[in-house]
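Taken from TrEMBL, the feature Mn(2+) 1 binding site covers B:ASP121, B:HIS229. Annotation source TrEMBL lists GMP binding site at B:ASN228, B:HIS229, B:TYR230, B:ALA231, B:GLU232, B:HIS355, B:ASN356. Annotated Mn(2+) 2 binding site per TrEMBL: B:HIS261, B:HIS355, in sequence order.
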Amino acid sequence: MYRRKLKALGHHHPESFDVHNDQEFRNLVVWLEDQNIRLYKIEDRGEIRDVKSSEWLKTFRKYLDDLKCPVDLSQKVSVVDWLLAHAVRVEYAENAEKYNNVGQMDQSNQTEGLGESSLDDSLMNLTVDNPDLKAGVTSLSRLFSLPQHPDHFVLLQAVRSLIEGKLSSLASKTDKKSDKKADIIPLHKVDLGFDTGDSAVNEAAKIIRLLHVTELRELQTRINEAIVAVQAITANPKTDQSLGRVGV
Amino acid sequence: MAHHRTFKEECSFIDRLDDNSFLIKKGFVPNMKVEGIFYINDSLEKLMFDELKNWAGTQGIGGFLPGVKQIANVAALPGIVGRSVGLPDVHSGYGFAIGNMAAFDMSLPEAVVSPGGVGFDINCGVRLLRTNLDEKDVQPVKEQLAQSLFDHIPVGVGSKGVIPMGAKDLEEALTMGMDWSLREGYAWAEDKEHCEEYGRMLQADVDKVSPRAKKRGLPQLGTLGAGNHYAEIQVVDEIYNMYAAKKMGIDHPGQVCVMIHSGSRGLGHQVATDALVSMERAMKRDTIDVNDRQLACARINSQEGQDYLKSMAGAANYAWVNRSSMTFLTRQAFGKVFKSAPDDLDMHVIYDVSHNIAKIEEHVSFVYQGAI
């Protein structure tokens, strides 16, 4: 499941890496730290490099803390995924220009056949009840600290709206555009207008209403954009001062 | 009436509910279907009762009908539901008191619509524009700015506007309301959101607006009119609710705003006059009894009632186009004086509120409001 990230980072056997093999796992951690992450100075990497040590797990736990990894070590699979993603981020941040150029060249040269070659079989043949998909959605939702839901489709939608709203490049762009920070109104200062008799339900109702208002606002903004586009064609406001006459 | 009541006798029909409201009980005027209520502060309370006292002193002969009597007369109109309400700007008006609000149940065949309830200046209202200017930016150029506004927005009785309009433009404006202003580029896309009814009443029918009304309205678009109408440059004095104010783009005392108070000019007046004439006939035909001739009305479901609502909606649309045109001209005037685009001056509409209008609202009732 880490094949792409491992390959991207230049791992020597991305196809056969087995996260449940403890030795491979420990070696990978050391390799990532040495090659990409480089959180510690070389002379301070002694303990983490000592993969045979009985204290290694303790060292690793501290390492994750130092990295501010949000995933708990009990979820080893997710931790590895996070480490790999972090390494990719570091690698990209250091060589952004290089990779951006490659991306552009790729786009111009390889638009053909992209569909088949880059989407591997596992994605092409993905079905809704695929257990891998379920597991993936569940671990994603844990990463985002979303409450669990029995229907992984509902969870996936929640993950999607969270990413769209908070993490996508578009969202971060609009955040920057409105350069002043959004005003934060404490929930208890929001007026619900009615009382359900249950404070938790009241709060939920307030949240739903605020979300609803936000959605309406987005819709109205899109409508306004459409109106502005039409105005570019139809609008021709005129004034003629000679018509004006002041009354008595 | 057999005998005229004394002021004291009249007052026996009016109960104080609390510090700020009074109830008008049935029997205060004949045929009251519901009770009346009005809201006051100390000075308004004195005014209301002085009006009644003077009127009672003249035994009801001569002088104008006091506001309390008018609220009660409205409570006697066929089809009224709830109460006849006098809002806190209440005083004597035409038929209805100014600030008199009433709802009618459209499912009742006898329910009426009365042009007096809407008023002669159909869809008269106030609109507030904000700017990102501060009082100190405006002080040094006050004279130029005022002059620029006068140049763009002609005022007074018989004034004519600077926006060229043909007969076809006017018909479209009456039909489309602010959508016309948008299409022609006199309004910003966001403006509509801040208006009641999104600046357009859909039931407008230009064919129900008389040629005379159209003729009066044609040259007047983009003019303020006279009387209590105004376009004012105002300064924010005090902010009571910071969250709400910020949402409206008001964030500090001293911020400069522009308020425009105007309506449907001669066109609306003519629509109301035309309706009153046709309704007098309808009242005779349908034997509708009212306490005051000024309360001329017609059944909502009669031809006259429907025609009035359609022409009123056209006049309401005219008023929104008028305020939008003046918004456009205000933005131009500011743009010229401050040598920047109205966009950069952040000249958005904060609100546009109508106070002379009849609307069909949910619960299938029928609501008038009249104020100022």
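Cβ coordinates come from backbone N, Cα and C, glycine included.
Here the Cα atom of B:GLU232 (GMP binding site) is found 9 Å from that of B:HIS261 (Mn(2+) 2 binding site). Nearest in space to B:HIS229 (Mn(2+) 1 binding site), taking C-alpha to C-alpha distance over the binding-site residues B:HIS261, B:HIS355, B:ASN356, is B:HIS261. A sphere of 10 angstroms centred on the C-beta of B:TYR230 (GMP binding site) encloses 13 other C-beta atoms.
Comparing Cα positions, B:ASP121 (Mn(2+) 1 binding site) lies closest to B:ASN356 out of the binding-site residues B:TYR230, B:HIS261, B:ASN356. Of the recorded residues, B:ASN356 (GMP binding site) and B:HIS261 (Mn(2+) 2 binding site) place their C-alpha atoms 12 Å from one another.
If you take the Cα of B:ALA231 (GMP binding site) and the Cα of B:HIS261 (Mn(2+) 2 binding site), they are about 6 angstrom apart, rounded to a whole number. Among the listed binding-site residues, namely B:ASN228, B:ASN356, the Cβ with the most fellow Cβ atoms inside 10 Å is that of B:ASN356.
Put simply, of the binding-site residues B:ASN228, B:TYR230, B:HIS355, the one whose Cα is nearest the Cα of B:HIS261 (Mn(2+) 2 binding site) is B:TYR230.
In the three-state DSSP scheme, B:ASP121 (Mn(2+) 1 binding site) falls into the coil class.
Summarising the GMP site geometry, the residues cited as binding it (B:ASN228, B:HIS229, B:TYR230, B:ALA231, B:GLU232, B:HIS355, B:ASN356) extend over a maximum Cα to Cα distance of 20 Å. Counted over every protein chain shown, other Cβ atoms within 10 Å are most numerous around B:ASP121 among the binding-site residues B:ASP121, B:GLU232.
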